[in-house]
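If you look up TrEMBL, you'll see His159 marked as active site, nucleophile. Residues annotated as substrate binding site in TrEMBL: Lys53, Asn94, Lys95, Asn146, Gly152, Ser153, Ser154, Gln155, Gln161, Asn279, Ala280, Thr281, Leu286, Lys290. According to TrEMBL, the feature compositional bias 'Basic and acidic residues' maps to 27-37, 52-73. Annotation source TrEMBL lists domain 'Ap4A phosphorylase 1/2 N-terminal' at 3-167. Taken from TrEMBL, the feature domain 'ATP adenylyltransferase C-terminal' covers 196-315. Residues annotated as region 'Disordered' in TrEMBL: 27-73.
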Amino acid sequence: MLPNNLREIVESTYKKAVDDGHIKFTESSSKKVKDPETGMTYQVTYAPSLQHKPEREPESEESKDKVKEDPFAKPEPELTVLDNCLDDYRLVLNKYPVTPNHLILVTKEYLLQTSPLSPKDLLATYKLLDQLDDEDEMLRHLAFYNCGPDSGSSQDHKHLQILPLPYKFVPFQDKICSGKEHFIPNAKTEPLQDSKVSFAHYVVPLPQDPSAVDEELLAMTFVSLLQRTLSSFQDWEGTRETAGKPVIPAYNVLMTKEWLCLVPRSKAFASEPSRIGFNATGYAGLVLVKWEESWDAVNKDPTLLNKLLLECAFPSTAGIKPTEYHY
């Protein structure tokens, strides 16, 4: 069970951690821009102080042998919201947030960030979203999971993240799912996609009634979306630049109370301008940039974001059925 006052616990823990210096809040500037070609709205956040933050390097033979430090191995009480969250998890605060009250749901057992989400992971995440959202205050949250190094993940210990959406911000997935009922995609019924958006994104609306959402429904929905997502890599093996090396599938999972979305990923960073990197949040329209050159470029031409997001993902398959659905 989750405490009824979870949001208040999050806010008070965050405030105390900031006041006591345990959280290093990243100062930033944000601006909403709209792509006239796709209709997508983005919130672009400029945080130049992150230029000095180390980025995850592409995996090499040498890096595979290095023992990586697990930042979640030693719980920090000052950042802990719930030490025992739904039995199998700890709910903690992000130590270096760009957004206040940025939460991390960490598995107590060490599991790899390359593993798919389990039915328990999915239901725990949904329950947290249900408890944290407040319709009266127009407060919504986005949960996301970066699976695999090319997805924008930075840590190997399995964890999901949850952050408040900007006030009145509407992810493009909202529009896709508007007025639609929940369904399980299959070989005859494709997940929803917006044909104007360049990158592949597989979306299914969730039931409006939270009592209708259980492990089985979430698991069946997730697996069907994952099958469709993995089919991108099946088609990709013959054209991969690093031919001969095994393909490690990477993808982003995005979830609100209203929908579940998966995005297959080809790489974490776009080549130009200034290596803009994307994790799952970019594929909901929340873009973080560190360099002034990037900030100026996307503000001058918002259509650039659609191109950069595609560069790091796969082309949209809207209206196209895969030759073989099961991976």
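Backbone N, Cα and C define each Cβ position, glycine as well.
Because the structure is a prediction, the values reported are computed rather than measured.
Annotated features, which come from TrEMBL, shown on the structure.
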| residue | record | contacts (Cβ under 8 Å, 6+ apart) |
| --- | --- | --- |
| Lys95 | substrate binding site | His22, Ile23, Lys24, Glu76, Leu79 |
| Gly152 | substrate binding site | Asn146, Asn252, Arg265, Ala268, Gly277, Phe278, Asn279, Ala280, Gly282 |
| His159 | active site, nucleophile | Phe72, Ile104, Leu105, Val106, Thr107, Gln113 |
| Gln161 | substrate binding site | Asn94, His102, Leu103, Ile104, Leu105, Ala143, Phe144, Tyr145 |
| Leu286 | substrate binding site | Tyr42, Gln43, Thr45, Leu142, Leu165, Pro166, Phe169 |
Secondary structure at the residue listed as 'active site, nucleophile', reduced by DSSP to three states: strand
Conformational class of Ala280 (substrate binding site) under the three-state DSSP mapping: helix
Distal contacts, the compositional bias 'Basic and acidic residues' (27-37) - CB-CB under 8 A, six or more residues away: 43-47, 49, 98, 166, 169, 196, 298-299, 302-303, 305-306
Lowest local Cβ density among Ser154, Ala280, which the record lists as binding-site residues, within 10 Å: Ser154
Secondary structure tally of the domain 'ATP adenylyltransferase C-terminal' (196-315) (DSSP, helix then strand then coil): 48 helix, 25 strand, 47 coil
Confidence summary (mean pLDDT) of the domain 'ATP adenylyltransferase C-terminal' (196-315): 91
Three-state secondary structure, Ser154 (substrate binding site) (per DSSP): coil
Per-state residue totals over the compositional bias 'Basic and acidic residues' (27-37) - DSSP helix, strand, coil: 0 helix, 6 strand, 5 coil
